[in-house]
Amino acid sequence: MIRLIFLGAPGTGKGTISSYLKENHGFYHISSGDIFRFYAKEEKSELAEEIKSYINNGLYVPDELTNRTVADFYQRNKDHEKIIFDGYPRTLNQCEYIDQVIDFTHVILLQPTDWDVIIKRLSSRRSCPECKRIYNIDSVDFKPKVDNQCDVCKVELIHRKDDDPSVITTRIDVYNEQTKPVIEYYKNKNLLHIVDANKSFEELYKIVLDIVNKK
């Protein structure tokens, strides 16, 4: 049984690697954003109503509610042999809570040695407004087949505001400051593996596979 946490600032590749692990190696991918969308749109319960009251009013979902939501979602899906957690936990409080619920086997931190590479990667990112598929106009592997058009939906790709270089820098700074305690927490538990996020996708993917296959 594998219970993997992916840590990494925006643009480090954890979402892309998670998708490949899901498609090619049978991992079940749990992201905090997907969980909130599920409860806000599909689920009918007291917990869902609590979440909607925050999301529909544009409010930050507090740790206590986030923790209960993730734990509830995990209990519904815990029969999967291999699970990735992407975007959670993000705070020390979340780490301490979820460790009482889940016995994690691996924590992988995608940490760049050169942040300029990540900023360029993100600013070159384009996304489909319909299927949410992500492309990169500067990458041979992730460029759309037709310029500025989704391969699947055939609609025009968009450049999100939060992929502007000035916004990216702020997002990275906030993420790094927020996750310092999380990194130290899992380092002290001897679960942390640090991988250079500046490596090519192929190299990153191979390293991640090697790590998760060790246990």
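Don't overthink the numbers, they just go from 1 along the chain as shown.
Note that Cβ sites are derived from N, Cα and C of the backbone, with glycine treated the same way.
Bear in mind that TrEMBL entries carry predicted annotations, made automatically and left uncurated.
Keep in mind that what you see is a predicted model, and the values were worked out from it rather than measured.
In TrEMBL, the ATP site is described by Gly11, Thr12, Gly13, Lys14, Gly15, Thr16, Ile134, Tyr135, Lys199, and among Arg37, Arg125 the residue recorded at this site is Arg125. When the binding-site residues Gly15, Val61, Arg90, Tyr135 are screened for a Cα within 10 A of the Cα of Cys128 (Zn(2+) binding site), the ones that qualify are Tyr135. Taking the C-alpha positions, the distance from Gly13 (ATP binding site) to Tyr88 (AMP binding site) comes to 15 Å. Using a 10 Å Cα-Cα cut-off from Arg90 (AMP binding site), none of the binding-site residues among Gly11, Gly15, Tyr135, Cys150, Cys153 qualify. The two recorded residues Arg125 (ATP binding site) and Arg160 (AMP binding site) have their Cα atoms spaced 8 Å from each other. The least crowded of the binding-site residues Cys128, Cys153, judged by other CB atoms within 10 A of its own CB, is Cys153. Look at the domain 'Adenylate kinase active site lid' (125-162): DSSP puts its residues at 2 helix, 10 strand, 26 coil.
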